[in-house]
Amino acid sequence: MLALWSVSFVLLCVWRFSYAQYEHLGYLPGYSDPAQDLYTAPELPKDIPRIQIRLAGEKRKHNEGRVEVFYEGEWGTVCDDDFTIHAAQVVCRELGYAEAVSWSPSSKYGKGEGRIWFDNVHCKGNERSLAQCESNGIGVSDCKHTEDVGVVCSDKRIPGFKFVNTLTNNINSLNIQVEDVRVRPILSTYRKRIPVTEGYVEVKDGGKWKQICDDEWTHMNSRVICGMFGFPGDKRYNTRVYKMFARRRKPTYWDYSINCTGNEAHLSSCKLGHTLAIKANSTCEQGAPVVVSCVPGRAFAPTPMAGYRKAFRQEQPLVRLRGGAVFGEGRVEVLKNGEWGTICDDNWNLVAATVVCRELGFGSAKEALSGGQLGQGMGPVHMNEVKCSGFEKSVTECPFNMDKDSEGCSHEEDAGVRCNVPAMGFQQRLRLSGGRNPFEGRVEVLIERNGSLVWGTVCGEGWGTMEAMVVCRQLGLGFASHAFQETWNWPGAVNADSVVMSGVRCAGTEMSLSHCLHHGEYLSCPKGGGRFASGVSCSETAPDLVLNPQVVEQTTYLEDRPMFMLQCAYEENCLGSTSSSTPANSYRRLLRFSSQIHNNGQSDFRPKASRETWVWHDCHRHYHSMEVFTHYDLLSNNGTKVAEGHKASFCLEDSECDEGIEKRYECANFGEQGITVGCWDTYRHDIDCQWVDITDVKPGDYLFQIVINPNYEVAESDYTNNIVKCRCRYDGHRIWMYNCHIGGSFSAETEDTFPGLINNQVTHR
């Protein structure tokens, strides 16, 4: 029987995919495909059992999972006893990956089924097959499936790798394995468009790109391909044009067909179809090369000027992502009864994650995240034990456990996703230069000048955290940890010293720095580039401050305090404008309350300024580590400010922490300042400046608003939850604070009417 050949597949790192998609463009210097030796399949001694290996399990990427072995017509697993990184190395190389990153015991990827084929495996790391390693003997084991081992392989593939089926019986359940896959634009109109949405589907086989015969191609296959490249769906295309093109240029066909169900997140999860009878002239009988035409999400659709009018768009914003570093990733939040809440990660998998991704205008899910990995949400847990078929229009249509919405689920178990997004080529238009590591450096951009592309710097004047956040996102480096207006310590590229961009102002949500507001042809940068160019340092994680609205509501009261007891507060500018003319024996009326500020993010919140630059306040006997930490504003119902306060961060410290988390920051004795992840800093109602001076405010109904980190001095993973809003009624003698809630915790319609708080508690871990 002919040996079954297939080729190994993985989604390579982002720049490789970008190159495959955009190799026809001229602005990708340094990204050429290196010359690579073709892979030669290893020959095994005749006495070594012939096995096949695959990765399986839930909540995983395509290059990780439970190790499963096919032997004697049955799939089984491998026990974790004595398993080492050397054995993982053998497994990964046998699957066509360059190396192993790590391995996991105790059925991390779920319990397998069938036989446990290998136990007490001892590998040196250079074996050509797991069957060559010493073990108890194939099929000899005293393990249970709770001990199934898993591995994580690197994204990098062995160049030219071919997966050879050496078994004599046919394995119908073999997954597709190819070196690489791309959508290559054929028609001239699509070659000019970014992202590439239509063209031949091509697989890399033995270092050569080949087309697929469309004899057995289905809509479900197209759905998977489009999802892989970041598109939520596919559409029809003009077949006549492509048939004419195929007749002019003879295609080179791949030997196999593809069989996808439409639910797969990657082509690697589809099954291998029949071997196609390719004619001698390399054409497929009554067929043509496979073409897909994908529908991009609204955020990625070219403008109508580029000839593009149709794009996928959400009908109703029932789902949103929060806390992610890049477009297409985040904690999943759903809208229910007008209130935003999270999804519990029980049974959360790639199928459900893909429904979320497609619903939001992205492709299929790369990863289904669990355990609040992208920060913890607020409010209720709306869904638990979600089970999607994969074809729902919204995750809100998927069945879930109605009896256990949030029972037994805390925000520690918030589900998240990482979606495939289209390759837009943004990453090649920006770079960091001169830094000590890839996460920092002077910002240099690629700009078209006089018909040619040149690298240059960005003017440092006005450069801040929001602009730095966009740079880090564009480069795929996470969040900004610092923004620099001077980069004298980072020399950068000598030929890129000239300023090519100035006046940059970003909202912080843009996909590319070029999408931010900036000066046009006429630049304005008085200090020039060089040492005054902008710079950034990036971090994979960020803090996320959230204020507890219930504490504000429950601790509000009025105090009439004599002016002679407010000298320190007067020096800190914490009183109303008329306080300067107030006699020492008269009173100021203060709206007092407590603030409890939680860090629900993934890293500690630290002040921007280093401790050497903190300012000592002699009256209060403490150091200020931030100029302004919070704003307190009393507003009329039409939004006009009638009174204000602010809290200079006289100290940032861990007042209390969740169970099992130790305090790390304490202000006493010039200690380090900050808020640890899982801890909170409480500003009690009875301390100076923890108030709004309402001496001159008339009785009436008002809005009370608190904003944390208002100047965005410190980068956070989510700024949308930094505001708390309350209704406020003042009758001249008493005050009532009610309906306090975090901004954005309700639907836009509900938020506009400012309704009562349903359930917006800060839950503990």
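Each residue, glycine too, has its Cβ placed from N, Cα and C.
Note that TrEMBL annotation is computational and uncurated.
The disulfide bond recorded by TrEMBL for C506 joins it to C516 [selected from C516, C525]. Disulfide connectivity taken from TrEMBL links C79 to one of C13, C143, C153, namely C143. With Cβ pairs under 8 Å as the measure, the domain 'SRCR' (53-154) is packed most heavily against 319-420, out of 183-295, 319-420, 430-539. Taking CA atoms as the reference points, C506 (disulfide bond) and C398 (disulfide bond) are 37 Å apart. Averaged across the domain 'SRCR' (53-154), pLDDT for the predicted model comes to 89. Of all the disulfide-bonded residues listed here (C92, C143, C398, C516), C92 has the Cα closest to the Cα of C123 (disulfide bond). The Cα of C92 (disulfide bond) lies closest to that of C133, out of the disulfide-bonded residues C79, C133, C143, C388, C398. Within 10 Å of the Cβ of C143 (disulfide bond) there are 18 other Cβ atoms, across all protein chains. Within the set of disulfide-bonded residues C133, C153, C260, C388, the entry lying nearest in space to C79 (disulfide bond) is C133 (CA atoms). Its Cβ taken as reference, C398 (disulfide bond) is surrounded by 18 other Cβ atoms within 10 Å in the chains shown. Its Cβ placed at the centre, C270 (disulfide bond) has 21 other Cβ atoms within 10 Å.
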